[in-house]
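Asks: Quick one: structure below, then a few questions.
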Amino acid sequence: MKIYSRAQIYEADKITAEKESLPSINLMERAGGYLYEWVHERLQGGKVPIKVFCGIGNNGGDGMVLARYLVENNYNVTTYVVNYNTKRVPDFLEAYDRLKSVTKNWPIVLTEESVLPEISPQDIVIDAIFGIGLNRAPQDWVKKLFSAINASNAYVLSVDIPSGMYMDRSPEEGDVIVLPRFTLSFQAPKLPFFLPATAPFMQAWDILDIGLDPEYLAKTPTDVELIGKQEVIQMYKSRHQFAHKGMFGHSLLIGGSYGKMGAIVLASKAAMRAGSGMVTAYVPQIGVQILQTALPEVMAETDNFNGKVLEEIDFQTEANAIGIGPGMGTDPKTVKAVEGFLKAQKNPMVIDADAINIIAAHPALLEHVPNLSIFTPHLGELERLIGTWKDDFDRLEKTSKFAKTHDIIIVIKGAHTITTHDMKLYINDSGNPGLATAGSGDVLTGVITGLLAQGYHPMEAALMGVYFHGRAADIAINQYGIEGLMAGDVIEFLGRAYMDLFAKPEEPKAP
Ligand SMILES: NC(=O)C1=CN([C@@H]2O[C@H](COP(=O)(O)OP(=O)(O)OC[C@H]3O[C@@H](n4cnc5c(N)ncnc54)[C@H](OP(=O)(O)O)[C@@H]3O)[C@@H](O)[C@H]2O)[C@@H](O)CC1
Ligand SMILES: [K+]
């Protein structure tokens, strides 16, 4: 699913109005009408007190239309104009007049001098104060209103985006954002919904299709995409009945050290479950027995040293794909081995954990990393690789530039894992907090390597790998719970994640 920028949303709005030869207020009427339907379906005329807070831009206009429908249908509504600015936009004014024409209870105008209204936990609050147009810090009294809404314990429904959330920067000290119970966003989700500093405000949300011009939406390329089941189905290649193991590639996982053999065991097993025809693990001698005992399906190769860490990386396996890093450590001898190894590589591979740390500490090695290799850092590793950042948006910009410069793919692991290549961002749609557990990254490395070995393009392998890893965890928590989930459980549910691609979607849960 495409994620449009603010400029693209405004453009879509303009083009839709032009094409339909309708004044733009009609689009606002449509948006407000859909908001009303959503609310009405749930309240069924119930006389709960509804407080609609409207700004004076188009987001406020949407709120005004919703308020009018509520009034016309005899709901118990009080409407407020949060008059944060002198520039009331024309469509807002029109929607405001239309509301005033149907009721004697005109909206209450709130300004800096006003006493803010009491909000009780029984109220329903509609937050239509700021939409995607927020471009500077609101005045203190407006922030106080946001805080009062948040402190009220009322059910809060945000229109389009929680008020106070920016489209292009993370919250800073002193910022306040409305924390809604639910957000109804128009046409497509917005980038901040998925970033660490702002995603916690998006506990539940849905998209309202307000009929923006489908042609414009379809033909406009976006810098950001959301990757879910639909996108993965398009990349998936099904197997025919007479397939044999030689057709699905040989994965080689390099890593492990004394005390950290589990990481390479998990990665190797995950590569098998991801569908790699064969898997070999290249480990220090100390690890051979452990690996062979843990995983009879996986072959082992080792170096010529009797050490606890890898001192050499020189293998016979003719691998279709290599994943390096899990449990490897950063012993100087291993660093030398990695240097030698990288210089000999031509094909894209998966680079994780200590292999990332080694490259970060020896940036000259980047030159030897094959193009389209997939780096899978968590935030700590990413910082070592690319340096520090100001906020979530800055991190994305710096990471995509770094990936572009070195022609690599970077998978930034997090609650919403984001993959970047060629200045585009791909946000993963699956996964849950259960994945914040030891070994989960090693499993991901194995899955991506296994997909790469099967002949998927590195971008497909990265996006599918991240998706399946998350989806397997989503299915696994039905059995283990979020707290109980372990990395090994994710591996056990990988098969189910593949099967789920073609399963009938579940009924959405009621908010
Ligand atoms: N386009 C679409 O597809 C559709 C969009 N729709 C709706 O429109 C919403 C976007 O509307 P919007 O552009 O009018 O912006 P909104 O968020 O209402 O802010 C209003 C204005 O406030 C100003 N301002 C900013 N920060 C400020 C501050 N701190 N303190 C004081 N003032 C501040 C700033 O104007 P400025 O003063 O910078 O000129 C800004 O323009 C969108 O979220 C959706 O709900 C739907 O109707 C249907 C189709
Ligand atoms: K809002």
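Here the Cβ of each residue, glycine as well, is placed from N, Cα and C on the backbone.
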Asks: Quick check on the annotation: TrEMBL has Lys413, Gly414, Ala415, His416, Thr417 binding AMP, so which of Gly387, Gly439, Gly441 does it put in that site too?
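Replies: For AMP, TrEMBL names Lys413, Gly414, Ala415, His416, Thr417; of Gly387, Gly439, Gly441, the listed one is Gly441.
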Asks: For the K(+) site that TrEMBL assigns to Asp127, Ser163, which of Asn26, Asn58, Asn59, Asn73 is also named?
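Replies: Given Asp127, Ser163 bind K(+) in TrEMBL, the matching entry from Asn26, Asn58, Asn59, Asn73 is Asn59.
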Asks: Tell me which of the binding-site residues Gly61, Asp160, His378 ends up closest to Ala415 (AMP binding site) in space, Cα to Cα.
Replies: His378
Asks: Return the residues near Thr417 (AMP binding site), defined as same-chain residues 6+ apart in sequence whose C-beta is under 8 angstroms from its C-beta, sorted by sequence, else 'none'.
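Replies: The list for Thr417 (AMP binding site) reads Val411, Ile427, Asn428, Gly431, Val466, Gly470, given in order along the sequence.
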Asks: Could you list the residues of the same chain, at least six apart in sequence, whose Cβ is under 8 A from the Cβ of Ile132 ((6S)-NADPHX binding site)?
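Replies: Looking at Cβ-Cβ distances below 8 Å from Ile132 ((6S)-NADPHX binding site), excluding near sequence neighbours, one finds Arg6, Ile9, Asn59, Asp160, Ile161, Met167, Lys190.
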Asks: By the count of other Cβ atoms within 10 Å, pick out the sparsest of the binding-site residues Asn58, Asn59, Asn135, Ser163.
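Replies: Among the binding-site residues Asn58, Asn59, Asn135, Ser163, the lowest count of other Cβ atoms within 10 Å belongs to Asn135.
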Asks: Suppose we screen the binding-site residues Asn59, Ile132, His378, Lys413, Gly414 by Cβ distance to ligand 2 with a cut-off under 6 Å; which survive, in sequence order?
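Replies: If the test is a Cβ under 6 Å from any atom of ligand 2, the answer is Asn59.
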Asks: Within 10 Å of the Cβ of His416 (AMP binding site), how many other Cβ atoms can be counted across all chains shown?
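Replies: Looking across every protein chain shown, the total is 19.
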